[in-house]
Amino acid sequence: MASTASEIIAFMVSISGWVLVSSTLPTDYWKVSTIDGTVITTATYWANLWKACVTDSTGVSNCKDFPSMLALDGYIQACRGLMIAAVSLGFFGSIFALFGMKCTKVGGSDKAKAKIACLAGIVFILSGLCSMTGCSLYANKITTEFFDPLFVEQKYELGAALFIGWAGASLCIIGGVIFCFSISDNNKTPRYTYNGATSVMSSRTKYHGGEDFKTTNPSKQFDKNAYV
């Protein structure tokens, strides 16, 4: 029962993390222009993995998609690949988890389901690591430019998508670890105490002993009468 409960908790935590990681891809605010050192702000610049936008003081936004993948900076291409890999791994981890959980009717025997659940945990951990690496790489680029005194272009701050990605990655890793530890509970063999033999023997001696006594007494009496 404890193993089933831990698997359900791990599944809910992992799915929540995967949903958060998936929501970072369409999120606009991966980085937002800083207002540090500016007196008058006429526009706000922000960008994600797919486009760069600017919002003026009236609230009108103009966006421009990145024209060519090969013309992009290397860190953006790496973040794209890592985040897409994280979402894909989380999807397959969810499928493996459904087959490996003991509360489901698919997956075969308990031993086979335990192995599938452990595999789901490993996949979720990899998904979390990919998301954590992608968000950290993007954040490292932002902070490096922000604290560089020789960088004269527009400086940015960390956007909300990075924090969502870090939170989702942490949940995926935690859920994956719980899935991996659940296999140890499934491999534990229960101990049985056998007390039936003593009770059976005592009952046999109780009921059959009297019958043997009754059947032997007439024969002894007959032998005595035969010699009189």
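Cβ from N, Cα, C; glycine included.
Annotated topological domain 'Extracellular' per Swiss-Prot: 22-80 (among others), in sequence order, evidence recorded as sequence analysis.
The topological domain 'Cytoplasmic' annotation in Swiss-Prot covers 102-115 (among others) and rests on sequence analysis.
The average pLDDT for the topological domain 'Extracellular' (137-160) in the predicted structure is 90. According to Swiss-Prot, the feature topological domain 'Extracellular' maps to 137-160 (among others), an assignment based on sequence analysis.
Here Swiss-Prot flags 182-228 (among others) as topological domain 'Cytoplasmic'.
Swiss-Prot lists 1-21 (among others) with the feature transmembrane segment. Away from its own ends, the transmembrane segment (1-21) comes close to residues 83, 86-87, 90-91, 93-94, 97, 100-103, 117, 120-121, 124, 127-128, 131, 164-165, 167-176, 178-179, 181-182, 185-186 of its chain (Cβ-Cβ under 8 Å, at least six residues beyond either end).
Counting residues 6+ beyond its ends, the transmembrane segment (81-101) has Cβ neighbours under 8 Å at 4, 7-8, 10-11, 14-15, 17-18, 21-22, 24-25, 49, 107, 113-121, 123-124, 126-128, 130-131, 133-134, 137, 165, 169, 172, 176, 179 in the same chain. Residues or ranges marked as transmembrane segment by Swiss-Prot: 81-101 (among others).
The transmembrane segment annotation in Swiss-Prot covers 116-136 (among others).
Using a Cβ-Cβ cut-off under 8 Å and counting only residues 6 or more beyond its ends in the same chain, the transmembrane segment (161-181) has close neighbours at 6-7, 9-24, 27-30, 48, 83, 86, 90, 93, 97, 100, 117-118, 120-132, 134-136, 138-139. Marked as transmembrane segment by Swiss-Prot: 161-181 (among others).
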